[in-house]
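Worksheet for the structure shown next.
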Amino acid sequence: DNRSCVNPNIVVSTKGPTFVSNHSTCNFTTTPLNTMNQNNEQNLDHFKGQHRLPNFAIPHRYHLTLNPNLQLCTFSGAVTVDVSIFDSTRFLVLNSIDLVIHDSFFIDSNNHKVVPSEVVVENDVEMIIFVFNQPLTVGDGVLEINFTGALNQHMKVGNVPLELTALSNMPVSEETITGDFKTVCFEESPMMSTYLVAVVVGLFDYIEEISPGGIRVRSYCPVGKSENGKLALSVAVKSLELYTKYFSMPYPLPKLDMVGVPDFPAGAMENYGLITFRETELLHDDLHSAAANTQRLLIVVTHEVGHQWFGNLVTMEWWTHLWLNEGFATWVSYFATDTFYPEWRIWTQFLEETAEGLQLDSLEQSHPVEVDVHNASSVIEVFDAISYQKGSSLIRMLKEYLGGDIFQKYACKNAKTEDLWSVLSEESGVEVNKLMDIWTKQTGYPVIYVKLEDCTLHFEQTRFMSLGLQGEGEWIVPLTLSVGSYNNCKKFLLETKVGKLDISDLYHSYFSSLQPKDEKNQEIAEKPWVKVNVGHTGFYRVKYDGVLTARLMKAIKDKCLSPEDKFGILDDTYALCEAGEESILSLLSLMDLYREELDYSVLSRLINACYNIAKILKDAIYDPWNHLNQFFVDLIISSAEKLGLEPVPGESHLHTLLREEVFMALATFGHKETHEELKNRFQMYVNDKFTSVFPVDIRKAAYISIMRTSSAIDRSGFDSLLKLYREADAVQEKARTLPSSPDPELVKEALDLMLTDEIREQDTIYVTAWISFEGRETAWIWLKENWDAIVKRCGQGMVFHRYIRDIVTPFSSHEMAEEVEEFFSSRVTPSFARILKQSIEKIRIKARWIEKIRQEESLIPKLTRGLTRTPMET
């Protein structure tokens, strides 16, 4: 299970292009095989089909030698493992993936050398079993294995010069040169989990800094781009200092290296002392990094440095507890970013994380935070919005409920969820395990129905499901509420399915605070608003009765609510509408109240809702006059006019972020003036790459405008963007230049490029993410026709999951759901089974939503015409 705690000592002999390895592995584990009765006679069948390893043999130290041939993309190696045998056994069972085993033998405590009679490879469960004729005796011994393997073809890089750098988790202890080769030895590491062992070999420049605690920190960048690693280096050094003080626990290794990898499937990987990054997440370029790129870099670097405590220093006991790693690392990344840049108001932006977790967890095909992982190949599927976004949102909800800095001392010392709850209960005096167990062990979350009768609030909870099903489940919900003012709040623990709360005291307090001669206050005082889930910090949804809904809508109109609560009300109403619990007319009317909004997080959520509703309404109703797009443009045009296309000297980071979002939306919805202006500016940029009229934060909007107006007949814009992609040196520019066209021929041409060397495998996600609404049929046909080639190129890892999700989910009919099911019936594997089921469920959710919308079809155009105030040129 790639998680044994060992002391690796690594030697690398190498020559050739960049090599990154932490996936081809061969290791033991300390995890028991629960189905094995160790007192009975062992036989080979006991181990076949098992996914966790027996604990009768425990490794203590690995001495690993690797000899990569980076020109042939192969390697050979040898490992010597110090092992303790606790129960006499004829078998040694290890995890292994993509290795060919050659010579192997075991030397027992009596110095007897024993050669296995058979080596059994169990590819389905990523294991190998060494079978011996006679039982190995109890005691210490040494296992030696010689092996070869192929470097991962799904992430191969090109030819580079021979002057290479070799890196691993620990500093270099010795380096010797023999001819064209060099042998690099690394210091022995402290105890660590084997999935965190990494080796990187490649051609790099670097910059370094020594942290206040004496840790050597380096950013390894492509040659000639070391200056682009400065921001990440600064953030890493500050993060080490912050986390060391906050958790009262020093970083335990002597160095921390960060390496930009040319082709990398994830954003980054937290290998102990050697963090590997996708280049876009490590490199910062003042000319090409938009504000969104800068913020993303901060979040990713602080997340991965946080993992050096959450995950590396203390590792989850099993993948069931992955959320402890990822949830806490996500939470501390926002904590750190807020510490460094409080003006970014990053905790308001964190609501996007909460929204993503709520969206996935509303599916019938969701899973608990503590998820049983039975198949090694399915582990990758739980690196999702439940482990990351829901996990971090639960941590935030609990912290808000407990208050203070209780996580400082204890959060990074726990390998199991139960350990954390136990310690927090002891320190806080609250039965945290009773409160939180159900949140981590049960799938889903509740929707809280709120009704006001006189001065009493009535609550009822049930599991919220986007399919509109009546879900099972009951939670202990830490409710917060405000009445008329944020100075007038109360906490309430809903421990049963229904509950009630007398708010007479809050009413009295609110009325007493008003100035009696203020006519506006007197008018509001007659009907004070009530907001449940203040700040949207709780992981649940709220549905109000008609009276309370009307008061909240008036509060939004009168600008009485915080950005966090405006975000939460909009997100909850959208989700309730999708599930059939609110009408589309009510949702559109609510959205109309946000047309003057300038808060980044709120307007970003509004734009996201516009995108999704525009697509669903196109499938649901006939709109030949384009009233719907005009309505969506009208919602955001005022904000666009206030922001302008040109950055203002000294403007806030949030306004810069917002400009990109707003003009991307106008381009997507076909605003003619935006298209023309941005295309003109792009042409000036093509003629002069140093022009000031094409700032980086409007480029993505401009590329959308170009692609939305390109076609197979007039493909000049598409060709210009393709040329820009091919010539771009900045990785940020490559990530934004290929949004998709509405023209099927251009869609197919862009998709075909993903199967060539023109687009790195890691960058294909930028193409699939931008498949246009009009191009979904083309993309689906392309996926079916090229299925074997896609699997061959991508395997079935993280990038492959994006192919499934991005190409399957745009559909919205039961017929398409059935077609997708039929196509994958003979192709699905455990590595993407859950992703596929979730994608198909999303299709059915939209199909059901369309049926609901069509019941209101005749009223929608009239409503949008009535709400629209600004004519749109198309």
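Cβ atoms here come from the backbone N, Cα and C positions, even for glycine.
As the structure is a computational prediction, the values presented were derived from the model and not from experiment.
Within its own chain, Glu304 (active site, proton acceptor) has Met258, Ala268, Met269, Glu270, Ile275, Phe277, Ala329 as residues 6 or more apart in sequence whose C-beta sits under 8 angstroms from its own. Per TrEMBL, active site, proton acceptor is recorded for Glu304.
Positions annotated as Zn(2+) binding site by TrEMBL: His303, His307, Glu326.
Across the residues of the domain 'Aminopeptidase N-like N-terminal' (59-155), the predicted structure has a mean pLDDT of 89. Residues or ranges marked as domain 'Aminopeptidase N-like N-terminal' by TrEMBL: 59-155.
What TrEMBL lists as domain 'Peptidase M1 membrane alanine aminopeptidase' is 232-439.
Feature annotation from TrEMBL assigns domain 'ERAP1-like C-terminal' to 529-844.
Annotation source TrEMBL lists site 'Transition state stabilizer' at Tyr388. Just so you know, the Cβ of Tyr388 (site 'Transition state stabilizer') picks up 24 other Cβ atoms within 10 Å once every protein chain is counted.
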By the 10 Å Cβ-neighbour count, the most surrounded of the binding-site residues His303, His307 is His303
Given the Zn(2+) site His303, His307, Glu326, its other Cβ neighbours within 8 Å of the Cβ centroid, in chain order, are Glu270, Glu304, Gly306, Phe310, Gly311, Asn325, Phe328, Ala329, Thr330, Ser333, Tyr388
Smallest Cα-Cα separation from Tyr388 (site 'Transition state stabilizer') among the binding-site residues His303, His307, Glu326 is shown by Glu326
In all the protein chains shown, the tally of other Cβ atoms within 10 Å of the Cβ of Glu326 (Zn(2+) binding site) is 24
What DSSP reports for the domain 'Aminopeptidase N-like N-terminal' (59-155) is 6 helix, 69 strand, 22 coil
